[in-house]
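Undergrad: Have a look at this one before I ask anything.
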Amino acid sequence: MLLISDEPQKSPRQLSPASDDCDLEKHSPASAPPVQCQPQSDASLEPPTQSPTTHGPPQNGSADNYKPRTLKFWLIILSSFMSLFLVAIDRTILSTAIPNITDDFGSLGDIGWYGSAYMLTTAAFQLLFGRIFRFYDLRWTFLVCIAIFEVGSLLCGVAPNSISFIVGRAVSGVGSAGIMTGSMMVVISMVPLPKRPMIQSLFGFVFGFAAVVGPLIGGAFAREATWRWCFYINLPIGLVASACLFFFLKTPMKPSKTMPLIQHIMRLDPIGTVLFIPSMVCLVLALQWGGSTYAWGDWRIIVLFVIFGVTAIAFGIVQVKMPETATLPVRIITQRSVLAGAWFSLLLAGAMMLCIYYLPIWFQTTHGIDPVESGVYTLPLLVPLVIAGALSGITTQKTGYYVPAMMICPSLMMVGEGLMTTFTPESGSQQWIAFQFLVGFGLGFGMQTVGLACQTVLPMEDVPTGVAIGFFTQQLGGAVFVSVGQSILSTTLVSRLADLPNLDPDTIVNTGVTELMSLAGPEHSGLLTTAYNDACTTIFMVALILSGAQLVCACCMEWKSIKKGKLGAPGKPPAGPPAPTS
């Protein structure tokens, strides 16, 4: 058997890694055996084997698994989204339960860690799971990720103290990183690319629905039962999803090769991972602590940023020098649509989180409502997100092109966010409902597009990495720009309120909205309301700028049709990784 590499520097003639066929096969003499093309990624780590075998569906497994008229198909899809829902709601359900948690543990100083521990591990392990899903069985890897998340939820539910609770949150974050990539890979394995837009539009619905019901459920548990049910509820849902996936999800078996443990470890880029995890930990900690726990100029924040910079540069060098095992291969991240899509995803997440996070604060301070009511007031942002997601899926599936949706998304968001910068404490419901609707409708159009782009422009073996990059930049964008928003809020409040009695800068920064109103007194409520309004409208201006940058990224995307093969051949589905032959 003759092996031909898809790497230009190793092949006498450049072959597209996206092509289903090998040109040399067409020109081989009739008497010669057919020439097989096989990618050489990680070949140096694969020991030779006499007769590797493969089991399960053929290369294009999604075409064989696509049976939308069967109950089994929808049970698998539903189970995948149930798992994703657990991750999505875990981000929001704590917002209204944290006061009760701090009362039980007496741990007001640990509040920041309840969110940061989860974000730290999610961001740190996201790219690693893209690598794992590339090499190992989808079903078992996904089930392990759900199990890790469930263990973390159980640890949080039974936690006797704040430290145990934080450990549970960190464990859940590891599982959530795998669940996000895994849920997308399940859809990819079950649905052909031309049929995916409608199914993937449910991703936006899941996150939108979780953002709405999370605070309501968390508040209800905290008031009527115990905050621990915010985590116990994950256990039966995860168990049902795992059972359905275990019994019904059948994925192609990976080639049966005997490899030493060290080669399994080496193919997962251990050097890059050891550099990447502390890099992300330092970045997220610096963003979480900067401007709130410590001043931005504090030596701790400076040290964290320095460590982040050094380890990030070292990680980049490893990815360039060791491309065979790279977690973030240069050939993937420098692909035009992947790079533009990664920035699009980061900016979209940043703009979205600025709106979702700070709109409730604006409602609480200007309308005098509690956190649960403010969650209801944001429904005009989240309901159109679901509707637009479905509409985006329909139009993309009909036309075959996702770039128009990527352009509509920031265009509508810019209009809505621009109007939101005009908010005043006297703004009525007609204004804040209409302005939120525009932002939400735009969000719905863009949330699924980056994943579709990666699936369209990358060969199948690189899709898990592309999907992980998209989710990673989402996490990073949310973490970075929520911290930017917090810095703007703190700076504005300190500059406007520092002269008030009983309100020194530390008190202003570290005190909640309701308590700050009480400390200021009724005679200063108007000044406090105006200060919060000005801070929030400045934050919405930042969201507007991010959406403008999103539009630039959308214009940089390649116009590839999901209805065509990688080389534009009508009707040719994306190639899967070639099966080993002997």
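Each residue, glycine too, has its Cβ placed from N, Cα and C.
What TrEMBL records for this protein is below:
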type     : residues : note
REGION   : 1-64     : region 'Disordered'
COMPBIAS : 37-63    : compositional bias 'Polar residues'
DOMAIN   : 76-560   : domain 'Major facilitator superfamily (MFS) profile'
TRANSMEM : 140-160  : transmembrane segment
TRANSMEM : 166-190  : transmembrane segment
TRANSMEM : 202-223  : transmembrane segment
TRANSMEM : 229-249  : transmembrane segment
TRANSMEM : 270-289  : transmembrane segment
TRANSMEM : 301-318  : transmembrane segment
TRANSMEM : 338-363  : transmembrane segment
TRANSMEM : 375-394  : transmembrane segment
TRANSMEM : 401-420  : transmembrane segment
TRANSMEM : 432-454  : transmembrane segment
TRANSMEM : 466-489  : transmembrane segment
TRANSMEM : 538-557  : transmembrane segment
Undergrad: Pop the mean pLDDT for the domain 'Major facilitator superfamily (MFS) profile' (76-560) in here, whole number is fine.
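TA: In the predicted model, the domain 'Major facilitator superfamily (MFS) profile' (76-560) has a mean pLDDT of 87.
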Undergrad: May I ask for the residues of the chain that lie six or more residues beyond the transmembrane segment (466-489) and have a Cβ under 8 Å from a Cβ within it?
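TA: Residues 119, 122-123, 126-127, 129-131, 133, 177, 180-181, 184-185, 188, 283-284, 287-288, 290-292, 296, 328, 332-333, 338, 341-343, 345-354, 357-358, 361, 450-451, 454-455, 458, 532, 535-536, 538-539, 542, 546.
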Undergrad: Are there at least 3 C-beta pairs under 8 angstroms linking the transmembrane segment (202-223) and the transmembrane segment (375-394), leaving out pairs fewer than 6 apart in sequence?
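TA: When sequence-distant Cβ pairs are counted, the transmembrane segment (202-223) touches the transmembrane segment (375-394), since at least 3 lie under 8 Å.
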Undergrad: With pairs fewer than 6 apart in sequence excluded, do the transmembrane segment (401-420) and the transmembrane segment (338-363) have three or more C-beta pairs that lie under 8 Å?
TA: yes
Undergrad: Cβ under 8 Å to the transmembrane segment (401-420), counting only same-chain residues 6 or more beyond its ends: which ones?
TA: 197, 344, 348, 351, 355, 392, 395, 431-432, 434-447, 449, 452-453, 456, 537, 540-541, 543-544, 547-548, 550-551, 553-555, 557-562
